[in-house]
Each structure stands twice: as structure tokens, then as C-alpha cells.
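Record features, source TrEMBL:
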type	residues	note
TRANSMEM	41-64	transmembrane segment
TRANSMEM	119-136	transmembrane segment
TRANSMEM	143-161	transmembrane segment
TRANSMEM	188-208	transmembrane segment
TRANSMEM	228-246	transmembrane segment
TRANSMEM	258-277	transmembrane segment
TRANSMEM	284-304	transmembrane segment
TRANSMEM	310-328	transmembrane segment
Amino acid sequence: MKVTAAHSNNLKYLSLVTLTLQNAILGLSMRYARTRPGDMFLSSTAVVMAEVVKLFTSLFLVYLEEGKHLGRLQSALHQTIVKQPLDTLKISVPSMLYIIQNNLLYVSASHLDAATYQVTYQLKILTTAVFAVLILRRRLFPTQWAALVFLVAGVASVQLAQTGEDSGTAATRQQSMPPGGGLPQNRLLGFSAALGACFLSGLAGIYFEKMLKGADISIWMRNIQLSLLSLPFGLLTCAVNDGAQLADHGFFFGYDAYVIYLVVLQAVGGLIVAVVVKYADNILKGFATSLAIIISCVASIYLFDFSLSLQFTAGAALVIGSIFLYGYDPTAKGTKSALSGSRATPKSLAEAEERLLAEKV
């Protein structure tokens with residue numbers, strides 16, 4: 001049992017570190033994809049293709065879980081999806097929310113530089129915490145609420161810093177066009193899209209976490225359900241938002257090797273999120289992702305001629321500081337409760353360990 005517990009902990013830490021790096025690379029890659037010269041691909045189609053990649057990857061992983069036996073795979077899919085219509089219907093809620101969220105993230109990445117995008121998107125930690133309290137009935141320490149206040153203050157500072165730069169001179173106003181080309185920049189639209197994505201991320205993440213931990217179904221099977229039900233919503237989004245362009249240019253207009261790389265990167269990130277939600281707390285996952293801010297800021301300076309102001313640095317420091325403040329547990333002497341997203345008690349820790357030991361990797 002000790003080996004199993006240690007293995008679960010190792011998987012948890014590996015997932016968090018990998019997710020941090022993946023989020024930093026994804027943010028930078030999305031920004032470059034939306035500002036580079038050449039034909040611009042339709043972001044709604046990229047979201048759909050990411051779900052397709054995720055679906056086939058999850059199918060392959062379930063195939064491996066079933067001993068590489070097609071008959072068992074078909075039986076497992078039938079038992080989980082067809083014979084449990086109510087459970088499948090419940091999954092349609094986060095499926096729809098994730099599709100809208102991912103489309104909003106492309107809008108945000110199109111209009112905000114990578115560093116500002118990363119900092120602003122960390123407001124999903126606030127929405128996740130609020131929904132964790134409302135849906136999962138978690139209780140937060142006063143220090144955790146203070147961390148959320150610092151988080152909001154940090155994001156506000158970053159946004160004000162960028163707004164001040166844009167309204168400073170005529171020269172800075174001309175920077176509304178990205179250096180390499182791409183879409184015209186509208187910071188208000190980008191910020192609004194990021195706020196909407198944060199709200200949907202918090203709601204969908206907590207809802208999905210509750211479903212993952214409330215049923216004896218593997219995370220890969222859950223992701224098959226999620227991606228399968230996401231496709232109709234994604235195709236509907238394509239038709240509503242980009243119907244005319246799809247009719248004129250086709251579904252894969254603007255696709256090249258880089259766009260394919262971006263789609264695969266986004267799909268892999270979705271599967272990593274599923275692992276993190278299963279073996280670590282959903283809120284802590286969001287805070288670990290905040291470390292991607294540092295990587296994004298440094299990379300943006302060299303890749304996108306990003307100007308790092310004192311106010312931006314102070315705001316980013318507040319966000320990073322809120323990470324450590326939120327993870328601090330004043331009642332725990334060990335490290336276990338510091339890694340818990342809910343108020344840790346001996347009973348809740350024992351239940352959490354028991355749940356981890358019972359789950360298969």
C-alpha cells in the first residue's frame with residue numbers, strides 16, 4: 001500500500017509540473033499562431049480538431065486498459081455510454097462549457113500578448129475556488145481567501161499597466177497590430193474573452209472533478225464521453241461563428257504543420273488536466289499553472305518584443321505570491337494538508353488517502 005501511495009504522489013507531482021510547462025508553451029504557441037503572417041486558420045475548427053485528437057487518444061488508452069482487446073473495448077463503451085444515458089447526459093454540461101471556453105481562449109490569445117494572457121487567465125483560480133465552495137461544499141482558510149484577493153489585485157495591476165502603455169502615445173497605439181502580422185489587437189475584447197473563459201473554466205472544472213471522484217469510471221473513459229459529446233457543440237460553434245468562411249474556404253483553411261502541432265499540444269494538455277483533476281486538487285492545479293507566468297514573461301521578452309514594466313512585474317509578483325499563500329495550511333505540521341484544496345482534517349486526509357490507494361493508475 002505504501003508503494004501505491006508513493007506512486008500516486010509521484011504521478012500527482014509529475015502531472016502538476018508537466019501541466020505548468022504545457023500551459024506556458026501552449027499560451028506562447030497560441031499567441032504566435034494568431035499573430036504570424038500568412039493565411040489565418042479558423043480557431044473554431046482548431047478546437048474541434050483538438051477534441052478529435054483527444055477522443056482517439058483516449059480510445060487508444062482505454063484499449064490498452066482493456067488488455068488490447070477490441071471486444072472488451074466495445075463492451076466497455078457500450079456499458080459506460082449507451083447503458084448509462086443519464087450519466088452520459090450529465091457529461092454534456094462540461095462538454096459544452098469546455099468548447100465555449102476553448103473558443104474564448106483563442107479570442108483572448110489573439111488580442112492579448114502571451115504574458116498578459118497568462119496572468120489574466122489565472123483568474124480561473126478565483127472562479128474555481130468559488131465554485132468549489134458552492135458545489136463541493138469546501139471551506140477555505142482566511143489565508144486562502146486573502147490569496148484570492150491578492151490574485152485579483154495582481155491581475156488588475158497587470159491590466160492597468162498594459163492599458164497605460166496603450167494610451168500613452170500615438171506610437172504605442174500603433175502597436176495594436178502585432179509585430180508579425182495577424183489579427184488587429186483589441187485589448188478590451190481579449191480581456192473580456194479571458195474573463196468569460198475563467199468563469200467557464202471554474203464551473204466546468206469543478207463539475208468534472210465531482211463526476212470523476214463520484215463514480216468508478218476511468219479518467220480515459222470520461223474523456224471519451226467528454227470529447228464525443230463536445231464534437232456536436234464544436235461543429236455547431238463552427239457553423240454559427242464561421243459558417244460563411246467555412247463555405248468559402250473549407251474546414252482546413254490556413255492549416256499547416258504548425259497548426260497541427262498546436263492542435264495536438266492543446267489536446268494533450270486536455271488529457272493532462274484529466275490526470276491532475278483525478279490525482280490532485282482542482283484548485284491546486286490552477287495555482288501550479290500560474291508558474292507558467294514566469295516562463296511566458298521571459299519568453300515574451302525575446303519572442304514578441306514584450307516590454308516588462310515595473311507595474312506589470314508587481315502585478316505578476318502578487319499573482320505568484322498568492323500561489324504560495326493559498327497553499328499554506330496554518331493547521332498542518334506536515335505537507336499533506338498543504339497540498340489539499342479543501343480544509344484538511346484528519347478524517348478528510350484519511351479518506352483522501354484511502355481514495356488514492358483504491359484508484360488504479
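Each Cβ is built from the backbone N, Cα and C atoms, and glycine gets one as well.
Automated prediction, rather than curation, is the source of TrEMBL annotations.
The transmembrane segment (119-136) makes no contact with the transmembrane segment (228-246): fewer than 3 of their CB pairs lie within 8 A, with pairs spaced 6 or more apart in sequence. Contact check: the transmembrane segment (143-161) against the transmembrane segment (228-246) gives fewer than three Cβ pairs closer than 8 Å, residues 6 or more apart, which falls short of the contact criterion.
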